[in-house]
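Reading through the structure tokens given below for one structure.
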Amino acid sequence: MAGQAFRKFLPLFDRVLVERSAAETVTKGGIMLPEKSQGKVLQATVVAVGSGGKGKSGEIEPVSVKVGDKVLLPEYGGTKVVLDDKDYFLFRDSDILGKYVD
């Protein structure tokens, strides 16, 4: 997974640090997919979360995901963060489209 790299970075407020899942490079039938046809990876694993953001009433609202959750991301957005030569992405909690439930 993310190893120790994410421990060097703590998201603030309602920010969520995620590690995108690897794109499928081979079909179930064993056909290798070229990079152009793989599509954008929209699934990720949460590796760190902030403490939450201020709500309308001024109270701190906790982030809706926790470390280890599998989430669905928007096609565009997020801020790329490189930690120990590995790419992570920083999103606002409200930008995350949903989380996968086992």
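Backbone N, Cα and C atoms are what each Cβ position is placed from, and that goes for glycine too.
Here the candidates are Lys36, Lys86, and Swiss-Prot annotates Lys86 as N6-succinyllysine.
It is 10 Å from the Cα atom of Lys99 (N6-acetyllysine) to that of Lys66 (N6-acetyllysine). Fewest Cβ neighbours within 10 Å among the modified residues Lys8, Lys56: this applies to Lys56.
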